[in-house]
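Reviewing the structure listed below.
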Amino acid sequence: MRKSLVAGNWKLNGSVESVQALTSGVVSQASELDVDVVLCPVFIHLDRVSAALVNSNVTLGAQNCSAELEGAYTGEVSPGMLQEIGCRYVILGHSERRSLFSETDQDVSAKVKAALGAGLVPIICVGETLEEREQSRAEEIVEAQLLAALDGLSKDLGSVVVAYEPVWAIGTGLTATPEQAQSMHAFIRAVLTKVSQDDSEKVRILYGGSVKPENASDLFSQADIDGGLIGGASLKVDDFIAICKAAG
Ligand SMILES: O=C(CO)COP(=O)(O)O
């Protein structure tokens, strides 16, 4: 039985004040939740949020990391540094990083390996664009992204989380229907079986893309949807908690 996981990807949002308020709002309501809850602020707020999560059942994640471990890499943050300040998770391969910052499948693969090496759980994001879906290439694209990210990692499959985020559903208000999402999640699980027969059933596959309190229950009731990666709605305490409750 997979425990549900709901992660809030705060993206490039938040001031010192708003991040403190959001964190304490989530922590105060999270104690009753029977799901793994993860908050992913920007790098410079990680330390502050980490301190606020001590003695709570909420865990910390980063939105990206370097594939490099240390050295002359100006502006980078290594997975070991994230682990040291309290991160357990790191989002990798988000479509915004792929499309806006030119991250390739090879970059994602190197980051996944580095994250696992530092003891972090990578949340590996995959998803097709609208054009790719309309060309009936959604499964082909998702399979290629997934196999590249997991290349050589069959022994580590039990230590990763996958997030299916159709690019056309991110921040658009358009959500995949529960049936569309379940169909892709079942396909992803079949691809994971090719990576490791033994561990594919252990992997939590999150759905992301315009998840809201109104659509969360229908999505999370699907057999292969094990929680969500939440953008906009994770910036409002009540909406985020309602989504976490729907996953519980
Ligand atoms: O990109 C997302 C989470 O990583 C989804 O964002 P929205 O929930 O705002 O659509």
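Any Cβ shown, glycine's included, is placed from N, Cα and C.
Quantities reported herein were computed from a predicted structural model and do not represent experimental measurements.
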Q.
Looking at the substrate binding annotation from TrEMBL, with Asn9, Trp10, Lys11, Gly171, Gly231, Gly232 already listed, which candidate in Ser31, Ser154, Ser210 is the matching residue?
A. Ser210
Q.
Can you tell me how many other Cβ atoms are located within 10 Å of the Cβ belonging to Trp10 (substrate binding site)?
A. 23
Q: Please list, in sequence order, those binding-site residues from Trp10, Lys11, Ser210 with the Cβ less than 6 Å from ligand 1.
A: Ser210
Q: Around the recorded substrate site, report the further residues of that chain (criterion: Cβ within 8 Å of the mean position of the Cβ atoms of Asn9, Trp10, Lys11, Gly171, Ser210, Gly231, Gly232; site residues excluded), sequence-ordered.
A: Ile170, Ile230, Ala233, Ser234, Leu235
(Q) Radius 10 Å, atoms counted are CB only; among the binding-site residues Asn9, Ser210, which position scores highest? (A) Asn9
